[in-house]
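First comes the structure, then the notes that go with it.
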Amino acid sequence: MEENSSQYEEATRNNYMGGGEAEEERDPESNSLQQPLLLKRNRTLSSNPLAIIGTKVSHIESLDYEINENDLFKHDWRSRSRVQVLQYVFLKWTLAFLVGLLTGVIASLINLAIENIAGFKLLAVARYVKEESCDCRLRFVLIMVDAAVAAVLVVGFAPTAAGPGIPEIKAYLNGVDTPNMYGASTLIVKIFGSIGAVAAGLDLGKEGPLVHIGACLASLLGQGGPDNYRLKWRWMRYFNNDRDRRDLITCGAASGVCAAFRSPVGGVLFALEEVATWWRSALLWRTFFSTAVVVVVLRAFMEYCKSGNCGLFGKGGLIMFDVSDVTVRYHAMDLLPIVIIGVIGGILGSLYNYLLHKVLRLYNLINDKGRVHKLLLALTVSIFTSACLYCLPFLAGCSPCNPDLGEICPTTGRSGNFKQFNCPPGYYNDLASLLHTTNDDAVRNIFSTSTPKEFHPYSLFIFFALYCILGLITFGIAVPSGLFLPIILMGSAYGRLLGLAMGPYTNIDQGLYAVLGAASLMAGSMRMTVSLCVIFLELTNNLLLLPITMLVLLIAKTVGDGFNPSIYEIILHLKGLPFLDANPEPWMRNLTVAELADAKPPVITLCGVEKVSRIVEVLRNTTHNGFPVVDEGVVPPIGLPTGASELHGVILRAHLVAVLRKKWFLTERRRTEEWEVRQIFTSVDLAERGRKIEEVTVTKDEMEMYVDLHPLTNTTPYTVVESMSVAKAMVLFRTVGLRHMLIVPKYQATGVSPVVGILTRQDLLAHNIISAFPHVAKSKEREKGK
């Protein structure tokens, strides 16, 4: 045993030294069955585990170049001691803490500003109605100003700040490059734009923008700040990679959901179920830690505001609907209306997605005409919204106040459920109570329990129809917007309507019907289940709703899936983002990756030691981001014919550009040593992105020089054999989060290239495959016909 161990150590040492004299002296016939099987092959490939790229010591890349944080102590990190590794891990937790802290602070400040601005406008309207001392034009002017500020900020400074930002976050975590989505300008515009848009009274929420804000904060913290003013702290360079940035953005997205709904567990599950494509246990703990910090900050802020130091900011401005004061009782007969709510939610959710798809396509045509058209569209929607909110309450009648209520009725000020509007003293307008308040307070009013006669069915129907229309025409204008709150408003209205209809036949309170209606419509539109269930339980503070909430969510999602995809998938498609779905199409099993490779132009390969002119030619004439590196005429393993070629790995375009910028050229064709590379390149140099070949100048003499690509090549790329089906390749590509996947031949022989082709994300998209293989589309239509 000791002899075998010594032989293994000696052979391993020789392999790590690149072979040399020890391999030349070893007799090939001396191999015995007692030796380890892995040593029986003469290793000609330089797979030095201390190379710079694509190995266990690499921390500058991710996805294709992955390391396991738990394995850092098991491997010699060469230039890093155990203490440095501990500092690296500690700093990751520190960044997760800062993400939660800053997200909580900014969310509190956003809600404070929104509540005070909205409250000021409501007081102005109340004075106009009661005292006739405020011109009606004031409300329109205030709304126009708020909406105009939000639209101007988005159109003029950060167009990527429009919309919720969640589809783009999903695409980035799926592996899609989304430029300018997490910059400082986007963050600033998102903060002030969401304040203006929500305070203007538009039918949109701040939940989506808060998710995007959390992602922007996480990205900027991990990168050391904006590109132009980035901190050069030495530890920050360890996070200048895609993997750590992806993890931090996931933490930021979870923190944003937590800040919007005060739902820490729901935020973690939202990131797991809806946002993240690739998940691991360490990420679970970090997202949970970030959301816990957010909750602590929000609670501390609300405690401070209880003393009256925050103006009109009373309840924190977040959606928190406590329905724990009512006892949940339901019997077998109550399951029928619950099932009906789920079915209606699925149908309405899919119908909402269909109509919103049509509206967004129309808005794309308008927005493509220029900035002026974007501004006019936003202002037109804001004027229409203001006119509806002010005029529609005249259609509702006046209801007498209930003297048994402890709350003052009617109320004309900032708070209170009963708005007097045009009613005489002692009466209130129930529709004005829903429209002349903030969206958060409107949901609280509809969710209110033990109030069976507070809202008339006619008013609830007008409210539901209005917000269906506003929800369709508001989302898509050039302002930061969210989908959560508009869908909750619509769902709660039809849920309460059904509760009124089922009142004599059910034991469930009408407020709980409103909660179930909101949950069903969200599941029918967004197609989420687990995260929505936890979010609604944390919102309502009533665990007894768990069984029926689960049932409603499952039914609504199942019904909605039968009509169309989720709203976020529709937006991804409209934006043209190459998002890979979790499940491949059935017809993909009938295609092989070799067929895809044949439909593409021939793969462009580079030699291990390549001429500078060849590299410049390839970079200037192609847009590929990865190139296979092949060594010709290598010494083959024992028993194979000579003259074979060998696949060394994949090299990225960014690293080739870095070589040309650094002018790391050789006067002769030779292999370099590790110390030569480390003198020129650092991890920061190789982690930089965005450099273009047009920015590099290469002289005529330098064109005739050489570059050794071996140290900069990922020697452990993911490969698939050419006979593998496209369906399996897509599952592997998405699960691991790859950018490039090499196709290797099924048979190895002299004269056969070691690489057949290379697959990218675009090659695995269903519509691209169908366009290249028309017969697949015909077979797909035949399957649908059956």
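Glycine residues also receive a Cβ, built from the backbone N, Cα and C atoms like all the rest.
Annotation source TrEMBL lists compositional bias 'Polar residues' at 1-15.
Residues or ranges marked as domain 'CBS' by TrEMBL: 713-779.
Per TrEMBL, the feature region 'Disordered' maps to 1-33.
Residues annotated as transmembrane segment in TrEMBL: 90-114 (among others). A Cβ distance under 8 Å defines the sequence-distant neighbours of the transmembrane segment (90-114), meaning residues of its chain 6+ beyond its ends; these are 191, 194-195, 198-199, 206, 210, 213-214, 217-218, 221-222, 235, 238-239, 244, 247-248, 251-252, 255-256, 258-260, 286-287, 289-298, 301-302, 305, 310-311, 313, 316-318, 438.
For the transmembrane segment (140-162), same-chain residues at least 6 beyond its ends with a Cβ under 8 Å from one of its own Cβ atoms are 117, 120-121, 124, 168, 180-181, 183, 185-186, 188-190, 192-197, 199-202, 212, 371, 374-375, 378-379, 381-383, 385-386, 477-481. Residues or ranges marked as transmembrane segment in TrEMBL: 140-162 (among others).
Sequence annotations record features per position, and here TrEMBL assigns transmembrane segment to 182-202 (among others).
Marked as transmembrane segment by TrEMBL: 283-302 (among others). Note on the transmembrane segment (283-302): residues 92-93, 96-97, 99-101, 103-105, 107-108, 247, 250-252, 254-255, 257-259, 262, 264-265, 267-268, 271-272, 276, 315-316, 318 of its chain, located 6 or more positions outside it, place their CB under 8 angstroms from a CB of the stretch.
Counting only same-chain residues 6+ beyond the ends of the transmembrane segment (335-355), those with a CB under 8 A from a CB of the stretch are 468, 471-472, 487, 490-491, 494-495, 498, 502, 505-506, 508, 513, 516-517, 519-526, 548, 551-560, 562-567, 570. Annotation source TrEMBL lists transmembrane segment at 335-355 (among others).
According to TrEMBL, the transmembrane segment annotation covers 375-396 (among others). Residues 125, 136, 139-140, 143-144, 146-148, 150-152, 155, 200-203, 363, 366-367, 419, 421-422, 429-432, 435-436, 456, 458-459, 462, 466, 470, 473-474, 477-479 of the same chain lie 6 or more positions beyond the ends of the transmembrane segment (375-396) yet place their CB under 8 Å from a CB of it.
The transmembrane segment annotation in TrEMBL covers 458-491 (among others).
Per TrEMBL, transmembrane segment is recorded for 543-560 (among others). Counting same-chain residues at least six beyond the ends of the transmembrane segment (543-560), those with a Cβ under 8 angstroms from any Cβ of the stretch are 323, 327-328, 330, 334-335, 338-339, 341-343, 345-347, 349-350, 353, 512, 515-516, 519-521, 523-525, 527-529, 532-533, 536-537, 566.
Here the transmembrane segment (182-202) has long-range neighbours at 106, 110, 113-114, 117-118, 121, 142-143, 146-147, 149-150, 153-154, 157-158, 160-161, 165, 209-210, 212-213, 215-217, 219-220, 225-227, 249, 381-382, 385-386, 389, 439, 470, 474, 479-481, meaning same-chain residues at least 6 beyond its ends whose C-beta is under 8 angstroms from one of its own. Helix first, then strand, then coil: DSSP counts for the domain 'CBS' (713-779) stand at 27 helix, 12 strand, 28 coil.
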